[in-house]
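Over in TrEMBL, the protein carries these features:
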type: BINDING; residues: Gly9, Pro10, Ala11, Ala12, Ala13, Gly14, Lys15, Gly16, Thr17; note: ATP binding site
type: DOMAIN; residues: 5-48; note: domain 'Cytidylate kinase'
type: DOMAIN; residues: 61-198; note: domain 'Cytidylate kinase'
Amino acid sequence: MSLTVAIDGPAAAGKGTIARAVAEHFGFAHLDTGLLYRAVGRRTLNGEGAIMAAQSLTAEDVADADALRTPDVAQAASQVAAMPEVRAALVDFQRAFARRIGGAVLDGRDIGTVICPDAEVKLFVTATDDVRARRRHKELVGKGHEVTLEEVAADLAERDRRDAARITAPMTAAADALLLDTSTLSIDDAVARAIERVGQQASAAI
Ligand code: CDP
Ligand code: CDP
């Protein structure tokens, strides 16, 4: 059986953490689709055109995930992500990944709405602005980045605004998504809720 789990939500809500844990628990493959947009964004920072970059993306572009997880690359990602041609160039790869035999978890902004509208399980992960900024700040400082909480909060707010307002595939919860507010949840509790939901839907889908 091939089951698809779609996880969307705003920046630093816990999507990736939950997606990785769900994939590990069920033995599914995991794709962090934000890395694709970050890789395109990074290539534009190096002077390349966004559409060309998206159309010629390779595994090598996303190999060093840590190098892509910086605020300047995130901003560039959110800018290129508003371009319909960039999004179109990345659709087939994501859909093929979602159909993997054995199951797949994809996390991003438009997985449950555009990439996999037929996904068996959809989660929309949220947390308050303040909680998300604190978590991402802690994470970046822990990796040695010199960035203030205010700068991180501004980056998240600007990206969320742009991601929700764009015309093509805006960030929004699918009508059939389960809303998971992780503001007061530990990672373990958030993961447990997600696993419970996937387990319920998986037995319903058999
Ligand atoms: O993928 P997304 O940007 O939505 O978030 P993430 O990278 O999974 O999580 C952002 C940060 O919040 C990470 O450092 C997680 O460890 C942390 N986190 C947390 O403290 N509590 C949660 N319930 C979920 C994530
Ligand atoms: O980890 P975080 O939530 O901060 O960001 P990300 O998931 O790595 O995504 C970076 C940027 O890529 C987002 O701000 C969006 O502009 C874009 N993105 C998108 O448009 N659609 C997706 N499916 C995933 C990411």
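Keep in mind that glycine also has a Cβ here, set from the backbone N, Cα and C atoms.
Sequence features, as recorded in TrEMBL, placed on the structure.
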residue	record	Cβ neighbours (10 Å)
Gly9	ATP binding site	26
Ala11	ATP binding site	22
Ala13	ATP binding site	28
Lys15	ATP binding site	29
Thr17	ATP binding site	19
Inquiry  = According to DSSP, collapsed to three classes, what secondary structure does Ala11 (ATP binding site) have?
reply    = coil
Note = Checking the binding-site residues Gly9, Ala11, Ala13, Thr17 against ligand 2, those whose Cβ falls under 6 Å of one of its atoms come out as Ala11
Ask   = How does the model score the domain 'Cytidylate kinase' (5-48) in terms of mean pLDDT?
value = 98
Query = Where DSSP helix means H, G or I and strand means E or B, what are the helix, strand and coil counts for the domain 'Cytidylate kinase' (61-198)?
reply = 79 helix, 15 strand, 44 coil
Message = With helix taken as DSSP H, G or I, strand as E or B and everything else coil, how many residues of the domain 'Cytidylate kinase' (5-48) land in each class?
response = 24 helix, 8 strand, 12 coil
